[in-house]
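Engineer: Among the features that Swiss-Prot reports, Fe cation 1 binding site is placed at GLU56, GLU86, HIS89, GLU170, with the record citing sequence analysis. Sequence annotations record features per position, and here Swiss-Prot assigns Fe cation 2 binding site to GLU86, GLU138, GLU170, HIS173.
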Amino acid sequence: MDTFIREFDMALRAIAGATRSGRANPADRLAPDDGQLEQAERRHVAGLMRVNHVGEVCAQALYQAQKLTARNDDVRTQMDTAAREEEDHLAWCAERLRELDSRPSLLNPLWYAGAFAIGFLAGRAGDKVSLGFVAETEHQVEQHLSGHLDQLPAADGRSRAILEQMRDDEIRHGDAARAAGGVPLPAPVRALMRGASRVMTTAAYRI
């Protein structure tokens, strides 16, 4: 029962945007950028950061589901550790959205539910498949973050600092999943994941 309550609390905090970072926000070492971005740039950056926030909501759901279905205690611990770092990402993105006078996606409950279902299915397929799913997810997120970094205005050092740290963490999570025995996913599954990601990013940018 304690585990259920804890996991349910984590889900509510992820959806509501009430998470707290266990690490310092990478943007805190930079000065505020009030007035440095044009209005159109602020809107675009807000859209990008909303997409990244949704990605972290989904990461919480995926890791939570895969943690609950893990057979091996070491795998469960690895999922929990990664989820805590992803929670940092969630808090950083939420803070940046507030700085930009914007908001998270209105569809966060839907994104969370869908990601949890996918993570549960991956976890039920076995630890090696589940770890392989983590590795592929983190690889695609790494590519996605690199694309967003290319789109950031030169004056937006705060968003850049956040996304660069997030990308470093995602690379490390993917490497750890492969090292723990994650198996490569079939090409059709990888393609399906990319397609689902495109739907999410397109909708979350606006809604």
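Using N, Cα and C of the backbone, Cβ positions are placed for all residues, glycine too.
Could you place the listed features in the three-dimensional structure?
Structural biologist: Every protein chain considered, the tally of other Cβ atoms within 10 Å of the Cβ of GLU170 (Fe cation 1 binding site) stands at 25.
DSSP gives GLU170 (Fe cation 1 binding site) a helix state.
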Engineer: Within its own chain, what residues at least 6 apart in sequence put their Cβ under 8 Å from the Cβ of HIS89 (Fe cation 1 binding site), listed in sequence order?
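Structural biologist: ASN52, GLU56, ALA59, ILE162, MET166, ASP169 - these are the non-local Cβ neighbours of HIS89 (Fe cation 1 binding site), listed in sequence order.
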Engineer: Provide, as an integer number of angstrom, the distance between the C-alpha atoms of GLU86 (Fe cation 1 binding site) and HIS173 (Fe cation 2 binding site).
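Structural biologist: Pair distance, Cα basis, whole Å: 10 Å.
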Engineer: Using the Cβ center of GLU86, GLU138, GLU170, HIS173 as the Fe cation 2 site position, which other residues in that chain lie within 8 Å, going by their Cβ?
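Structural biologist: Same chain, not in GLU86, GLU138, GLU170, HIS173, Cβ within 8 Å: ALA59, ALA82, GLU85, VAL134, THR137, VAL141, GLU142, ASP169, ILE171, ARG172, GLY174.
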Engineer: How many Å lie between the Cα of GLU138 (Fe cation 2 binding site) and the Cα of GLU170 (Fe cation 1 binding site)?
Structural biologist: 5
Engineer: Should GLU56 (Fe cation 1 binding site) be counted as helix, strand, or coil on the basis of DSSP?
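Structural biologist: Going by the DSSP assignment, GLU56 (Fe cation 1 binding site) falls within a helical segment, counted as helix.
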Engineer: 10 Å Cβ neighbour count around GLU86 (Fe cation 1 binding site)?
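Structural biologist: The Cβ of GLU86 (Fe cation 1 binding site) has 25 Cβ neighbours within 10 Å.
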